[in-house]
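These notes concern the structure reproduced below.
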Amino acid sequence: MYSFEALPNLVQHTAILAIVIIVKLIIAKFSGNLSATHGMQYFQFYCQRLSDKVNKSTNSDHQQKIAGLIALLITLAPLIVILWLFEEFVAIEQLWQVLLLYMALGHFNLSSLSNKISRALTNNDKQTAKSLLQENCLRDTRQLSAMGLSKATIEMQLIKHIQLHIVVSFCYLLIGPIAALAYRLVLEMHYSWNTKVAKFFYFGQASNFLMQLITWLPTRVYYTTYLLTTIGHNFFHFWRVTRQSFFQLTPNLLVELHALNLNIQLGGVAMYNQQKLRRLGFNTSGNQPLVTDINNSSKQLLIVDIALVILLIIFTYISVLFTR
């Protein structure tokens, strides 16, 4: 009979990941309107204070880029080294992994948050919808119409689900808990120093690039799984339209695939810190997003997640067979 420690690493990591996700889901069920990034407030505060100290508007563009890179390194490197050294003294490795993974994973409230925004819009309570969305995204929501709020909610749920859940899980399964937490810290630095805000356009480029580099492979795995769920429903058309973005660092191909599958428009102009930013538009010939599309988006992401879990179970089973 196998002990847990004798099982392949993928099996152990999959079991631990499942336990932590279940715990997170239970907490999300009873925790109310917590932000998806709940638990990182102190680190976010640190990032804000650090940028206030070293990101000077009087510096040149190059100096701001260097300052952003140094800020990332002096924040991330010591934490990784400390965690790596401390790991040697941990008696129960599985408990240590659970703790780090719990810290790394985002709050699992995105689906319920989207449902609350959808209900608020259905009841014509745009102020509540704007308030809920503003707490969970960077863009300005004050002037958004019901259509704009629906579009922003769909984009927020997709991108944050990838960043806070899928990529963290991927890093943990592929490398380990320290890698998962390190990525989460990079992501929080990216949120705090987002290049869409003018004052962080140069300072945040290092964290933005590293975040995009880490998320590239997990995003493509999720995209491929998503694409497989469209077999029998414009699969080849979706592939032809989105494949040109496959090797780009951005998540554009996933946003475009989501827009095509829902037959709605995503992307386009958005306001960040009272400044208009012209982003790429996706599926511009599609319909304008409606409130009902928020629920359709949640259902589609759930289908993709189920398909991803099935694939993970298959790979885990194969790894067990090869160890016999």
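Keep in mind that glycine also has a Cβ here, set from the backbone N, Cα and C atoms.
The feature transmembrane segment is assigned by TrEMBL to 6-27 (among others). Residues of the same chain lying 6 or more positions beyond the ends of the transmembrane segment (6-27) and with a Cβ under 8 Å from any Cβ of it are 94, 97-98, 101-102, 105, 107-108, 169, 172-173, 176, 312-313, 315-316, 319-320, 322-323.
Under the heading transmembrane segment, TrEMBL lists 66-86 (among others).
Within the chain carrying the transmembrane segment (92-110), a Cβ under 8 angstroms from the stretch's Cβ atoms is held by residues 4, 12-13, 16-17, 19-21, 23-25, 27-28, 31, 33-39, 83, 136, 156-157, 160-161, 163-165, 168-169, 171-172, 176-178, 180-181, 183-184, all 6 or more beyond its ends. Annotation comment: TrEMBL describes 92-110 (among others) as transmembrane segment.
What TrEMBL records for 164-186 (among others) is transmembrane segment.
Look at TrEMBL and you will find 301-322 (among others) tagged as transmembrane segment.
Within the chain carrying the transmembrane segment (301-322), a Cβ under 8 angstroms from the stretch's Cβ atoms is held by residues 7-8, 10-11, 14, 111, 157-158, 161, 166, 173, 221-222, 225-226, 228-229, all 6 or more beyond its ends.
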